[in-house]
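Trainee: Have a look at this one before I ask anything.
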């Protein structure tokens with residue numbers, strides 16, 4: 001499993017965030033991992049929407065990967081439980097189906 005947090009307010013660094021994110025998810029040990037992205041600072045004016053963050057990271061191009069992007073405001077706790085609930089449910093579903101959440105045998 002992978003949890004990745006993005007500063008939704010920092011539009012200038014989304015290209016760098018994408019490069020780092022893509023490098024992580026292409027690591028052989030992460031190829032089949034479940035991905036949760038927190039698009040943080042959603043309470044700030046000018047923040048990218050979760051969809052914009054997803055586009056910026058290349059999430060919509062991922063095939064055969066389980067991922068979710070959740071808008072958050074870490075200071076208030078908004079969205080954190082929702083994202084972690086998704087992650088927990090997804091991992092339980094995968095475990096029940098006989099999949100490992102990490103490693104080459106997951107899918």
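Cβ atoms here come from the backbone N, Cα and C positions, even for glycine.
TrEMBL annotations: computationally assigned, not manually curated.
TrEMBL lists these features:
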| type | residues | note |
| --- | --- | --- |
| BINDING | 40, 41, 42, 43 | GTP binding site |
Trainee: Non-local Cβ contacts of residue 41 (GTP binding site) (under 8 Å, 6 or more apart, same chain)?
Mentor: 7, 8, 9, 47, 72, 73, 74
Trainee: Using the centroid of the Cβ atoms of 40, 41, 42, 43 as reference, list every other same-chain residue with Cβ within 8 Å of it (recorded GTP site), in sequence order.
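Mentor: Sorted by sequence, the hits are 8, 9, 39, 44, 47, 71, 72, 73, 74, 78.
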Trainee: Which has the fewest other CB atoms in a 10 Å radius around its CB: 40, 42, the listed binding-site residues?
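Mentor: It is 42 that, of the binding-site residues 40, 42, has the fewest other Cβ atoms within 10 Å.
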Trainee: List, in sequence order, the same-chain residues at least six positions removed whose CB sits under 8 Å from that of residue 43 (GTP binding site)?
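Mentor: Residue 43 (GTP binding site) has long-range Cβ partners 73, 75, 76, 78.
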Trainee: If you run the three-state DSSP split on residue 43 (GTP binding site), which class comes out?
Mentor: coil
